[in-house]
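In TrEMBL this protein carries:
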type	residues	note
DOMAIN	1-425	domain 'Major facilitator superfamily (MFS) profile'
TRANSMEM	42-59	transmembrane segment
TRANSMEM	66-84	transmembrane segment
TRANSMEM	90-113	transmembrane segment
TRANSMEM	125-149	transmembrane segment
TRANSMEM	155-174	transmembrane segment
TRANSMEM	247-265	transmembrane segment
TRANSMEM	285-303	transmembrane segment
TRANSMEM	315-338	transmembrane segment
TRANSMEM	399-420	transmembrane segment
Amino acid sequence: MLACIMGWLGDGMKPLLLSFILPSMAKDWPETSSIERGLVASSLFLGMLIGSFIFGTVADKIGRKSTLAITSIFAIGFTVAASFSPTPWVLMLFEMGLGFGVGGNLPVCYTLFVEFIPQKRRGFYLALLATAWSAGEVIAAAIAWGVMAEHGWRRLLQISTIPTGAILFVLPFIPESPRFLLMRMKGRRAFSILQKIGNRNRRPIPSHIEGLIPYHSTTSSGVSSRKRELLAPLKRLFNKQNRKQTVILWLMWLCASCGLLGVIIFLPDYFHAKGIGNMSIYEDIFLSTTGNVPGIIVAAFLIETRLGRKKTMAILSFLCAAFIFVLGPVSSATYLIVASAISKFFLYGLWAAIDAYTPESYSTQERSTGSAAANCWARIAGLASPPIFSALLEAQMSIWVPIGIWVALFIATGVLALLLPRETMGRDIDEVDEDNVALGSIEMMGDEEMDRQ
């Protein structure tokens, strides 16, 4: 799914760009304080919070493909607009619009991706999709290293629109999710797409499955019924089956996101403010990302072993906490880069596992809404973290204060992972939904057919 990969690659560039934009703001607008620069970062995450909530629900209503097109247009338009910002406050406004598009893009990409992957090795490929995010960060750091000195952060923002723009060229050639179409009672379109996919991969869909598929819509009309239909996925997150799962997932996303943002955005700025390291911040960030992709690949394999999703997330959380603690006594650029790379190995492995687990833990009817709602808590973390860590930076507090906070957050994430009620490894993604008989039957029979061939 090239569209999903390009979406995640482009979106992965945006938060890391803040690591380069925020220090540059002090040069372009010297009157801005650390708190004001932190508010620029918060505006991006406020937009992502709103976008996640709105577009997650919209994708469960109008479809994954259409929603992805809308969010991509928002992301591209506001990124270009932000590059021409005349003041910090205008930049803040455009960053919010950019976040609105990116926030909707992320859960929709993952939902579309998970609904096209067969049950076997599903977790592996979902976790591997996170390499696109990490690749976006590496590319952003590499471009910044080569571009920022001569062309500044504005050109950097403009270049970052290329991967997201590629989505709009690819989208006309990809189908809508058959699972979504079945949920909307558009069985004829769904079966036609399944046949094309099967024929293209030389694995024809068993003919007897067609009889399981509903062909006629039974959805009611009217304003009140449409309103109930729009809110239904959100309500399903708190039904008897999903309530505990939803609350624990939200807390995990909140804790892990606060830790992630601290490590990738504020830690480099903090050390450079302390005068540690003799290289530019671009070189430091670029070199410290070398652990990202290996960590994701290791996590992709681990979640398909006996450990499963839950134990993998817990182990990676605890290891991440341990190696972030090691950053405390840093005294040289080499130590900083090596320790950062190791901590990011576990950090990005953890997030690959979380990203794979979240859409798997909900059925098709509420999957996009569930993924988006979890993403909202990451954006709440993004809103709260920049002012807090910027204040710590300005107050010149001991490095052990933020490190202590991040270690506690990752320990909490690991404990929460073990408390999750649902292990999704080897389970059909609609197993929790008794109404989706056809969806589960297609996946199970499709896997059986693949086994025979």
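From the backbone N, Cα and C atoms, a Cβ is placed for every residue, glycine too.
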| note | One stretch in 90-113, 125-149, 155-174, 399-420 has more Cβ pairs under 8 Å to the transmembrane segment (247-265) than the rest, namely 399-420
| query | Short question: which residues 6 or more past the ends of the transmembrane segment (155-174) have a Cβ under 8 Å from it? | reply | 1-3, 6-7, 9-11, 13-14, 17, 20-21, 65, 68-69, 72-73, 75-76, 79-80, 82-83, 105, 136, 140, 143-144, 147-148
| Closest-packing stretch to the transmembrane segment (90-113), where packing means Cβ pairs under 8 Å, from 42-59, 125-149, 315-338 | 42-59
